[in-house]
Amino acid sequence: MKFDNDSEKQVFDKLKKAIPGIIKEKCAGYDELYGYKLNPEGLTQEEVDKYYDEKIADRLTYKLCKAYQFEYSTIVQNLIDILNWRREFNPLSCAYKEVHNTELQNVGILTFDANGDANKKAVTWNLYGQLVKKKELFQNVDKFVRYRIGLMEKGLSLLDFTSSDNNYMTQVHDYKGVSVWRMDSDIKNCSKTVIGIFQKYYPELLYAKYFVNVPTVFGWVYDLIKKFVDETTRKKFVVLTDGSKLGQYLKDCPYEGYGGKDKKNNLTKQNVTNVHPTEYGLYILQKQIIEDVE
């Protein structure tokens, strides 16, 4: 964690001290962020050892501070909003309990390269060119959004928040095959909803986003997205009309279609499917199952 001045460190310390009260008084006791526990109060030592990692909690707290420019009141309000949204929306369930349409699962890919460049190790791929061929998948916005949030949560589980080179994720949106002239209204609605959720409830997690196989006249893709994100996020965007040039940015991505160094595996073979929740995330999910039964 890097603080540019004493004031930033003071804001961080103030927030860390206030988190237990914020969780108790403003979030109905809900204490989980991306599968991790922020507050050790009320736990036995055994539970602390199993479910609470102070280093991770500190770095998540720092991310919140950084996301909102160390403005204390803004940080607190957004933390409240994020935790309450997670309590109500249940993104862990999206990732690990719910069964999504198989066709959706085939166009959302996770890859992980331990030897990749800093913060380009965990990559979420969205193959929109394949998705738009099945417009019926976008007709139920809620189902699509829950699938997409589940993919995001699985991607986050591949990060190491204590590591300086793997505490952000990278995304690739592949638009090969998408019409350059029009976009179905259902697809637009789903995209708009997902973008809004990511911008509001997943701050300071994106390292870079690559839009690939985007025709020159395909300006609405970028125009749609940039309307709903801040300037800091927009600076992380890279638009490539030629998908085979992606390898210049993600060196170990598949050679097939993307020009990376991996000539043995295509994207399907690189896909990481065996993803598990954190210990604390698993505890929350098991608790929910018990409550549902009762």
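Keep in mind that glycine also has a Cβ here, set from the backbone N, Cα and C atoms.
Annotated heme binding in Swiss-Prot involves Y128, R148, H173, Y175 plus, out of the candidates K209, K235, K236, the residue K209.
Residues Y128, R148, H173, Y175, K209, recorded as contacting heme, have a largest CA-CA distance of 16 Å. Neighbours of the heme site: apart from Y128, R148, H173, Y175, K209, residues of the same chain with C-beta atoms within 8 angstroms of the site's C-beta centroid are N126, L127, Q171, V172, D174, F211.
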